[in-house]
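> Residues or ranges marked as domain 'Nitrogenase/oxidoreductase component 1' by TrEMBL: 12-431. The [4Fe-4S] cluster binding site annotation in TrEMBL covers ASP36. Summarising the annotation, TrEMBL assigns active site, proton donor to ASP299. What TrEMBL lists as region 'Disordered' is 365-385. Per TrEMBL, the feature substrate binding site maps to GLY434, MET435.
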Amino acid sequence: MKLAYRMYAGPAHIGTPRVASSSKNVHAIMHAPLGDDYFNVMRSMPERDRDSTPVTASIADRHVLARGSQDKVVENITRKGREERPDLILLTPTCTSSTLQEDLQNFVRRASVISDSDVILADVNHYRVDELQAADRTLEQVVRYYPNRALGQGTLGRSPANAPTANIIGTSTLGFHNQHDCRELKRLLRDIGIGVNQIVPEGGFVGNPNNLPKAWFNLVPYREVGLSTAVYPDEESGMPYISTTPVGIPDTADCTRQMQGCVGERATVLPSQGINYEPYIDQQTRFVSQAAWFSRSIDCRNLTGKRAVISGDATHAAAMTKILAREMGIRVCCAGTYCGHDAEWFSERVRGFRDEILVTDDHKEVGDTTARAEPSAISGTQTERHVGKRLDIPCGVISSPVHTQNSPLGYRPYLGYEGTNQIADLVYNSFTLGMEDHPLDLPGGHDTEAVTELPPAPPTGKDLIRDPESQLELSKIPKFVRGRIRGKTERFARQNGISDITVGVTYAARDGLAA
């Protein structure tokens, strides 16, 4: 473990409550010291949900440290069972419970005898997995629990519905625009005649083991949470799953065609008619999504060749890399993700669309790489937004972790055809467009700020001196690129052993950069 003041993915005891609080009538209890229950604050601020299920902390205080938990955890489980009457209680281990070597499985067995609710222990290693991995494993464990129990009792049904339906697996609380994306996915499925059987875990409950198998296929929009859950029924009963994220026009069309394939395999159940979603894809691409038209417009062509750095979770970073490079002609000089466990998949997905790959959860390394790349814009998390502010580079947020301001009240999906419009707006507004957005920064305009008001240059071993004429020339450069031009000019001077920067040196540096 390492001490960090800025993390991309939280600890495992945040991942398990994400699944519990997203589900209906599921309650999570964590055995942790006071303060580790900050999940409730994390959820309530960005989600802005009127009906949220809080997480209960069974506090490990000084008495627990001295004598052990004894009956405290069991009492808290049974008390919450009486007060909240949930169908399922998830006991969440933490680093503290592991350090104290508490026998949490024994607590679960004892509480199961007393409580009317089902009680299970989240089976995650809190020293080896992070928030996303813990959420993925916990969701799979919950989905497995009820079918396995029904199978032992001989009550498990596997009959699919007569009409095509799908399970949406993986949308959860604290996910990036997950609620908006879920609405867009439901609209997409409805438009092509596919019903939604169940949404797991957001707003759903898997207590009825006969419900999930009724779907014809599972749709997994995010790799981080839900993929393991979809693999399980595929291996057990042959229920297919689609893991292509419908982000951007090509991938949304590809995902829709895969749905057509899943429905076509069981088309004998339907009336004798062809299953063809191509007219829908064409109609949505030409008339609903404006991204295809925008990519051919003069506004988008102004972005061609500009440089961008991308960082986020594996799903969103890979999708954004392909959108910028393939659909908008923007050069992705670095594509990165903090999901080290998915590095191989990520590298394969962005192959041919980027200059460099960066897989790290160290925000300082991401910041240093961004500074060296000198991009025109950044697409990343809230952390990259801080990096962009420090480097004076605009940043569009595309992935968790995010600030509350990136959890909009309005409808802002990133999936599906409406999502392509949102992404096009985000990309276009992320880049500094110069004369359109900064008319006051034109040479000779109202902006006559002295160069001395600019932020100081990074400290070096040699002081550089600018004469008044070169300072005047620098002040005529629009503000939004002035700092970058100054830095490149000073770098040129240092490389050539020049200590006094004149107008001639500025022009020589410009000519060298242009060459």
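Cβ from N, Cα, C; glycine included.
Nobody curates TrEMBL annotations by hand; they come from automatic prediction.
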> Near ASP299 (active site, proton donor), which residues of its chain come within a Cβ-Cβ distance under 8 Å, counting only those 6 or more away in sequence?
TYR428
> Please report the number of other Cβ atoms within 10 Å of the Cβ of the residue listed as '[4Fe-4S] cluster binding site'.
20
> How do the residues of the region 'Disordered' (365-385) split into helix, strand and coil according to DSSP?
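Helix, strand, coil within the region 'Disordered' (365-385): 13 helix, 4 strand, 4 coil.
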> What average pLDDT is reported by the model for the domain 'Nitrogenase/oxidoreductase component 1' (12-431)?
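The answer is 88, the mean pLDDT of the model over that range.
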